[in-house]
(Lines of atoms letter the chains of each structure in order from A and count residues from 1; the text may use other names and numbers.)
(Lines give C-alpha, C1' and ligand atoms only; values in the text may rest on other atoms or scores of the structure.)
Protein backbone atom coordinates (compact mmCIF):
# COMPACT_ATOMS: atom_id res chain seq x y z
CA UNK A 1 0.00 0.00 0.00
CA UNK A 2 2.76 2.47 0.96
CA UNK A 3 4.66 1.78 -2.28
CA UNK A 4 1.60 2.45 -4.41
CA UNK A 5 0.63 5.61 -2.53
CA UNK A 6 4.06 7.11 -3.23
CA UNK A 7 3.66 6.30 -6.91
CA UNK A 8 0.18 7.84 -6.90
CA UNK A 9 1.49 11.15 -5.57
CA UNK A 10 4.39 11.31 -8.01
CA UNK A 11 2.92 9.84 -11.19
CA UNK A 12 -0.81 10.35 -10.80
CA UNK A 13 -3.45 8.54 -8.82
CA UNK A 14 -6.00 8.00 -11.59
CA UNK A 15 -4.74 4.65 -12.85
CA UNK A 16 -3.70 3.33 -9.45
CA UNK A 17 -7.15 4.11 -8.06
CA UNK A 18 -9.03 2.78 -11.07
CA UNK A 19 -6.68 -0.13 -11.64
CA UNK A 20 -7.05 -1.37 -8.08
CA UNK A 21 -10.83 -1.43 -8.40
CA UNK A 22 -10.66 -3.06 -11.84
CA UNK A 23 -8.39 -5.88 -10.66
CA UNK A 24 -10.64 -6.45 -7.65
CA UNK A 25 -13.64 -6.53 -10.01
CA UNK A 26 -12.11 -9.24 -12.20
CA UNK A 27 -11.15 -11.29 -9.16
CA UNK A 28 -14.68 -10.88 -7.81
CA UNK A 29 -16.04 -12.44 -10.99
CA UNK A 30 -13.61 -15.35 -10.59
CA UNK A 31 -14.39 -15.93 -6.90
CA UNK A 32 -17.23 -18.49 -7.32
CA UNK A 33 -15.08 -20.53 -9.70
CA UNK A 34 -12.14 -20.46 -7.29
CA UNK A 35 -14.37 -21.45 -4.37
CA UNK A 36 -15.63 -24.48 -6.27
CA UNK A 37 -12.13 -25.62 -7.31
CA UNK A 38 -10.42 -25.47 -3.91
CA UNK A 39 -10.67 -23.39 -0.75
CA UNK A 40 -6.93 -22.59 -0.92
CA UNK A 41 -7.41 -21.04 -4.36
CA UNK A 42 -10.30 -19.03 -2.94
CA UNK A 43 -8.11 -17.76 -0.10
CA UNK A 44 -5.30 -16.88 -2.52
CA UNK A 45 -7.76 -14.95 -4.67
CA UNK A 46 -8.97 -12.96 -1.66
CA UNK A 47 -5.38 -12.16 -0.66
CA UNK A 48 -4.59 -10.85 -4.14
CA UNK A 49 -7.83 -8.87 -4.09
CA UNK A 50 -6.78 -7.28 -0.81
CA UNK A 51 -3.41 -6.34 -2.30
CA UNK A 52 -5.11 -4.79 -5.33
CA UNK A 53 -7.59 -2.89 -3.16
CA UNK A 54 -4.94 -1.61 -0.76
CA UNK A 55 -3.92 1.44 -2.83
CA UNK A 56 -7.52 2.53 -3.50
CA UNK A 57 -8.08 4.74 -0.45
CA UNK A 58 -4.58 6.30 -0.42
CA UNK A 59 -4.79 7.12 -4.14
CA UNK A 60 -8.27 8.57 -3.57
CA UNK A 61 -6.76 10.82 -0.90
CA UNK A 62 -4.05 11.88 -3.36
CA UNK A 63 -6.79 12.86 -5.82
CA UNK A 64 -8.68 14.79 -3.14
CA UNK A 65 -5.50 16.70 -2.33
CA UNK A 66 -5.39 17.92 -5.95
CA UNK A 67 -9.10 18.53 -6.48
CA UNK A 68 -10.72 19.56 -3.19
CA UNK A 69 -10.18 23.03 -1.65
CA UNK A 70 -10.09 23.39 2.13
CA UNK A 71 -13.62 24.84 2.17
CA UNK A 72 -15.07 21.53 0.91
CA UNK A 73 -12.89 18.94 2.65
CA UNK A 74 -15.50 17.94 5.22
CA UNK A 75 -18.10 17.41 2.50
CA UNK A 76 -16.63 15.99 -0.70
CA UNK A 77 -14.17 13.30 0.53
CA UNK A 78 -16.58 11.91 3.16
CA UNK A 79 -19.40 11.92 0.62
CA UNK A 80 -17.30 9.86 -1.77
CA UNK A 81 -16.22 7.57 1.09
CA UNK A 82 -19.85 7.07 2.05
CA UNK A 83 -20.16 5.13 -1.20
CA UNK A 84 -18.63 2.14 0.60
CA UNK A 85 -21.39 2.36 3.22
CA UNK A 86 -24.07 2.78 0.58
CA UNK A 87 -22.63 -0.29 -1.10
CA UNK A 88 -23.43 -2.23 2.06
CA UNK A 89 -26.92 -0.68 2.14
CA UNK A 90 -27.80 -1.81 -1.37
CA UNK A 91 -25.83 -5.03 -1.79
CA UNK A 92 -26.69 -6.75 1.48
CA UNK A 93 -30.49 -6.97 0.99
CA UNK A 94 -30.11 -7.60 -2.75
CA UNK A 95 -27.74 -10.49 -2.19
CA UNK A 96 -30.12 -11.93 0.40
CA UNK A 97 -32.96 -11.84 -2.14
CA UNK A 98 -30.84 -13.25 -4.99
CA UNK A 99 -29.50 -16.04 -2.79
CA UNK A 100 -32.94 -17.10 -1.60
CA UNK A 101 -34.40 -16.97 -5.12
CA UNK A 102 -31.55 -18.96 -6.67
CA UNK A 103 -30.66 -16.20 -9.17
CA UNK A 104 -27.52 -17.16 -11.18
CA UNK A 105 -27.01 -20.15 -8.92
CA UNK A 106 -27.84 -18.44 -5.62
CA UNK A 107 -24.83 -17.31 -3.59
CA UNK A 108 -22.52 -16.72 -6.64
CA UNK A 109 -24.95 -14.13 -8.02
CA UNK A 110 -23.59 -11.35 -5.82
CA UNK A 111 -20.08 -11.88 -7.15
CA UNK A 112 -21.22 -11.90 -10.78
CA UNK A 113 -23.62 -8.94 -10.62
CA UNK A 114 -21.42 -6.55 -8.67
CA UNK A 115 -18.25 -7.65 -10.43
CA UNK A 116 -19.83 -6.68 -13.76
CA UNK A 117 -21.10 -3.36 -12.36
CA UNK A 118 -17.59 -2.54 -11.12
CA UNK A 119 -16.09 -3.31 -14.54
CA UNK A 120 -18.60 -0.92 -16.14
CA UNK A 121 -17.61 1.71 -13.57
CA UNK A 122 -13.94 1.30 -14.55
CA UNK A 123 -14.74 1.99 -18.21
CA UNK A 124 -16.49 5.22 -17.19
CA UNK A 125 -13.56 6.13 -14.95
CA UNK A 126 -11.12 5.81 -17.86
CA UNK A 127 -12.98 8.57 -19.72
CA UNK A 128 -14.10 10.86 -16.90
CA UNK A 129 -11.38 10.59 -14.24
CA UNK A 130 -8.33 12.90 -14.24
CA UNK A 131 -5.35 13.37 -11.95
CA UNK A 132 -5.71 17.12 -11.51
CA UNK A 133 -7.67 20.16 -12.76
CA UNK A 134 -4.82 21.05 -15.10
CA UNK A 135 -5.13 17.68 -16.88
CA UNK A 136 -8.90 17.88 -17.35
CA UNK A 137 -9.70 18.82 -20.97
CA UNK A 138 -13.31 19.87 -20.34
CA UNK A 139 -13.12 21.79 -17.08
CA UNK A 140 -14.19 25.44 -17.19
CA UNK A 141 -11.26 27.85 -17.04
CA UNK A 142 -12.96 29.70 -14.18
CA UNK A 143 -13.16 26.51 -12.15
CA UNK A 144 -9.54 25.60 -12.93
CA UNK A 145 -8.35 29.02 -11.75
CA UNK A 146 -10.43 28.72 -8.57
CA UNK A 147 -9.00 25.30 -7.71
CA UNK A 148 -5.41 26.33 -8.46
CA UNK A 149 -5.87 29.36 -6.23
CA UNK A 150 -7.38 27.55 -3.25
CA UNK A 151 -5.38 24.30 -3.26
CA UNK A 152 -1.75 24.43 -2.02
CA UNK A 153 0.76 24.11 -4.89
CA UNK A 154 2.11 20.62 -5.40
CA UNK A 155 5.74 19.88 -4.56
CA UNK A 156 7.90 19.11 -7.60
CA UNK A 157 8.03 15.42 -8.56
CA UNK A 158 11.71 15.17 -7.67
CA UNK A 159 11.10 16.43 -4.13
CA UNK A 160 11.66 13.82 -1.46
CA UNK A 161 8.91 12.83 0.94
CA UNK A 162 9.71 14.42 4.34
CA UNK A 163 9.68 11.15 6.26
CA UNK A 164 11.44 12.47 9.36
CA UNK A 165 8.97 15.33 9.72
CA UNK A 166 6.05 12.97 9.22
CA UNK A 167 7.50 10.62 11.86
CA UNK A 168 7.87 13.51 14.33
CA UNK A 169 4.36 14.91 13.82
CA UNK A 170 2.03 14.23 16.82
CA UNK A 171 -1.04 14.79 14.64
CA UNK A 172 -0.10 11.86 12.41
CA UNK A 173 0.05 9.55 15.42
CA UNK A 174 -3.25 10.92 16.73
CA UNK A 175 -4.94 10.25 13.38
CA UNK A 176 -3.41 6.77 13.14
CA UNK A 177 -4.57 5.72 16.61
CA UNK A 178 -8.02 7.16 16.00
CA UNK A 179 -8.21 5.35 12.65
CA UNK A 180 -7.22 2.03 14.24
CA UNK A 181 -9.81 2.36 17.01
CA UNK A 182 -12.52 3.51 14.58
CA UNK A 183 -11.84 0.52 12.34
CA UNK A 184 -12.00 -1.86 15.28
CA UNK A 185 -15.60 -0.78 15.85
CA UNK A 186 -16.38 -0.62 12.14
CA UNK A 187 -15.00 -4.04 11.20
CA UNK A 188 -16.27 -5.73 14.34
CA UNK A 189 -19.81 -4.56 13.66
CA UNK A 190 -19.53 -5.15 9.91
CA UNK A 191 -18.52 -8.78 10.34
CA UNK A 192 -20.47 -9.61 13.50
CA UNK A 193 -23.83 -7.83 13.39
CA UNK A 194 -25.40 -10.41 11.02
CA UNK A 195 -24.48 -13.15 13.50
CA UNK A 196 -25.84 -11.11 16.40
CA UNK A 197 -29.07 -10.43 14.52
CA UNK A 198 -29.57 -14.10 13.66
CA UNK A 199 -28.48 -15.80 16.91
CA UNK A 200 -29.65 -13.31 19.55
CA UNK A 201 -32.43 -11.35 17.84
CA UNK A 202 -33.60 -14.32 15.72
CA UNK A 203 -33.98 -12.57 12.34
CA UNK A 204 -34.13 -14.79 9.25
CA UNK A 205 -31.79 -14.35 6.25
CA UNK A 206 -33.91 -11.84 4.32
CA UNK A 207 -34.79 -9.80 7.41
CA UNK A 208 -31.13 -9.86 8.40
CA UNK A 209 -30.08 -8.42 5.05
CA UNK A 210 -32.46 -5.48 5.20
CA UNK A 211 -31.96 -4.66 8.89
CA UNK A 212 -28.17 -4.97 8.63
CA UNK A 213 -28.21 -2.30 5.91
CA UNK A 214 -30.07 0.29 8.01
CA UNK A 215 -27.18 1.39 10.29
CA UNK A 216 -24.90 2.04 7.32
CA UNK A 217 -27.58 4.02 5.52
CA UNK A 218 -27.87 6.26 8.59
CA UNK A 219 -24.07 6.54 8.78
CA UNK A 220 -23.95 7.73 5.17
CA UNK A 221 -26.60 10.38 5.84
CA UNK A 222 -24.81 11.52 9.00
CA UNK A 223 -21.50 11.76 7.16
CA UNK A 224 -22.93 13.93 4.38
CA UNK A 225 -25.04 16.20 6.62
CA UNK A 226 -22.41 16.75 9.32
CA UNK A 227 -19.67 17.28 6.73
CA UNK A 228 -21.74 20.00 5.08
CA UNK A 229 -22.33 21.71 8.43
CA UNK A 230 -18.62 21.57 9.32
CA UNK A 231 -17.61 23.14 6.00
CA UNK A 232 -20.07 25.99 6.56
CA UNK A 233 -18.78 26.59 10.07
CA UNK A 234 -15.23 26.52 8.73
CA UNK A 235 -16.08 29.04 6.02
CA UNK A 236 -17.53 31.41 8.63
CA UNK A 237 -14.35 31.02 10.72
CA UNK A 238 -16.36 30.53 13.90
CA UNK A 239 -13.53 28.43 15.32
CA UNK A 240 -10.37 26.69 14.15
CA UNK A 241 -10.38 23.45 12.20
CA UNK A 242 -8.66 21.81 15.18
CA UNK A 243 -11.58 22.73 17.46
CA UNK A 244 -14.15 21.61 14.89
CA UNK A 245 -12.49 18.22 14.42
CA UNK A 246 -12.31 17.65 18.18
CA UNK A 247 -15.96 18.63 18.68
CA UNK A 248 -16.92 16.16 15.94
CA UNK A 249 -14.85 13.46 17.60
CA UNK A 250 -16.33 14.05 21.06
CA UNK A 251 -19.93 14.00 19.79
CA UNK A 252 -19.25 10.90 17.69
CA UNK A 253 -17.54 9.10 20.57
CA UNK A 254 -20.31 9.84 23.07
CA UNK A 255 -22.96 8.68 20.63
CA UNK A 256 -21.20 5.59 19.29
CA UNK A 257 -19.73 4.34 22.57
CA UNK A 258 -22.89 5.11 24.54
CA UNK A 259 -25.21 3.25 22.18
CA UNK A 260 -22.75 0.36 21.79
CA UNK A 261 -22.87 -0.25 25.52
CA UNK A 262 -26.64 0.15 25.48
CA UNK A 263 -27.03 -2.66 22.91
CA UNK A 264 -25.78 -5.20 25.43
CA UNK A 265 -28.54 -4.30 27.86
CA UNK A 266 -31.41 -4.57 25.36
CA UNK A 267 -31.54 -8.35 25.76
CA UNK A 268 -33.57 -9.98 22.97
CA UNK A 269 -35.77 -6.95 22.37
CA UNK A 270 -35.50 -6.62 18.59
CA UNK A 271 -36.70 -3.03 18.21
CA UNK A 272 -34.56 -1.53 20.97
CA UNK A 273 -31.44 -3.47 20.04
CA UNK A 274 -31.70 -2.59 16.34
CA UNK A 275 -32.37 1.07 17.19
CA UNK A 276 -29.23 1.19 19.34
CA UNK A 277 -27.23 -0.46 16.52
CA UNK A 278 -28.50 2.11 14.03
CA UNK A 279 -27.60 5.03 16.31
CA UNK A 280 -24.19 3.59 17.27
CA UNK A 281 -23.14 3.18 13.64
CA UNK A 282 -24.83 6.44 12.66
CA UNK A 283 -22.67 8.42 15.08
CA UNK A 284 -19.57 6.96 13.40
CA UNK A 285 -20.41 9.41 10.62
CA UNK A 286 -19.03 12.23 12.78
CA UNK A 287 -15.59 10.59 12.57
CA UNK A 288 -15.94 9.65 8.90
CA UNK A 289 -16.17 13.33 7.92
CA UNK A 290 -13.79 14.44 10.66
CA UNK A 291 -10.89 12.48 12.10
CA UNK A 292 -10.66 10.07 9.17
CA UNK A 293 -10.05 12.84 6.63
CA UNK A 294 -7.76 14.88 8.91
CA UNK A 295 -4.79 13.98 6.72
CA UNK A 296 -6.06 16.59 4.26
CA UNK A 297 -6.03 19.24 6.99
CA UNK A 298 -2.52 18.42 8.14
CA UNK A 299 -0.80 18.00 4.76
CA UNK A 300 -2.94 17.86 1.63
CA UNK A 301 0.13 17.45 -0.60
CA UNK A 302 1.04 14.25 1.22
CA UNK A 303 -2.51 13.08 1.94
CA UNK A 304 -1.95 9.89 -0.06
CA UNK A 305 1.14 9.06 1.98
CA UNK A 306 -0.57 9.77 5.30
CA UNK A 307 -3.72 7.84 4.40
CA UNK A 308 -1.57 4.94 3.22
CA UNK A 309 0.24 4.85 6.56
CA UNK A 310 -2.84 5.18 8.76
CA UNK A 311 -4.97 2.91 6.59
CA UNK A 312 -2.30 0.20 6.59
CA UNK A 313 -2.23 0.23 10.38
CA UNK A 314 -6.02 0.44 10.53
CA UNK A 315 -6.42 -2.81 8.60
CA UNK A 316 -5.13 -4.72 11.65
CA UNK A 317 -8.52 -4.53 13.43
CA UNK A 318 -10.01 -6.12 10.31
CA UNK A 319 -8.76 -9.51 11.51
CA UNK A 320 -8.30 -8.77 15.22
CA UNK A 321 -11.93 -7.71 15.73
CA UNK A 322 -13.52 -10.85 14.22
CA UNK A 323 -11.00 -13.01 16.10
CA UNK A 324 -11.99 -11.41 19.42
CA UNK A 325 -15.67 -11.93 18.61
CA UNK A 326 -15.05 -15.56 17.69
CA UNK A 327 -13.06 -16.21 20.86
CA UNK A 328 -15.77 -14.74 23.09
CA UNK A 329 -18.81 -16.27 21.38
CA UNK A 330 -17.44 -19.72 20.52
CA UNK A 331 -20.05 -22.13 21.92
CA UNK A 332 -21.33 -19.13 23.87
CA UNK A 333 -23.96 -17.28 21.84
CA UNK A 334 -25.47 -15.42 24.79
CA UNK A 335 -26.57 -11.87 25.53
CA UNK A 336 -23.83 -11.65 28.17
CA UNK A 337 -21.11 -12.60 25.66
CA UNK A 338 -22.30 -10.04 23.14
CA UNK A 339 -22.54 -7.39 25.86
CA UNK A 340 -18.83 -7.93 26.50
CA UNK A 341 -18.07 -7.52 22.78
CA UNK A 342 -19.98 -4.25 22.57
CA UNK A 343 -18.35 -2.95 25.76
CA UNK A 344 -14.85 -3.79 24.48
CA UNK A 345 -15.61 -1.98 21.22
CA UNK A 346 -16.92 1.05 23.10
CA UNK A 347 -13.82 1.17 25.29
CA UNK A 348 -11.46 1.02 22.32
CA UNK A 349 -13.45 3.72 20.53
CA UNK A 350 -13.34 5.98 23.59
CA UNK A 351 -9.57 5.50 23.89
CA UNK A 352 -8.97 6.46 20.26
CA UNK A 353 -11.13 9.56 20.58
CA UNK A 354 -9.32 10.64 23.75
CA UNK A 355 -5.88 10.32 22.14
CA UNK A 356 -7.07 12.22 19.07
CA UNK A 357 -8.52 15.08 21.12
CA UNK A 358 -5.32 15.44 23.16
CA UNK A 359 -2.69 15.31 20.41
CA UNK A 360 -4.33 16.39 17.15
CA UNK A 361 -3.58 19.79 15.63
CA UNK A 362 -5.45 20.46 12.39
CA UNK A 363 -3.42 23.40 11.15
CA UNK A 364 -1.44 22.84 7.96
CA UNK A 365 2.06 21.58 8.69
CA UNK A 366 5.01 23.62 7.47
CA UNK A 367 6.48 20.64 5.61
CA UNK A 368 3.39 20.50 3.39
CA UNK A 369 4.57 23.58 1.53
CA UNK A 370 6.86 23.52 -1.50
CA UNK A 371 9.56 25.53 0.28
CA UNK A 372 11.10 22.18 1.26
CA UNK A 373 12.21 21.58 -2.28
CA UNK A 374 15.79 20.95 -1.20
CA UNK A 375 14.91 18.23 1.33
CA UNK A 376 16.60 14.90 0.91
CA UNK A 377 15.17 11.51 1.71
CA UNK A 378 15.37 11.04 5.44
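Backbone N, Cα and C define each Cβ position, glycine as well.
TrEMBL entries are annotated by machine, without manual review.
Given the ranges 190-208, 209-227, the record in TrEMBL names 209-227 as transmembrane segment. Beyond its flanks by at least six residues, the transmembrane segment (209-227) meets 74-75, 78-79, 81-82, 85-86, 88-90, 92-97, 189, 193-194, 197, 203, 248, 274, 277-286, 288-290 of its own chain at Cβ-Cβ distances under 8 Å.
If you look at the transmembrane segment (12-35) against the transmembrane segment (110-130), you find at least three C-beta pairs under 8 angstroms, all six or more positions apart, and that counts as contact.
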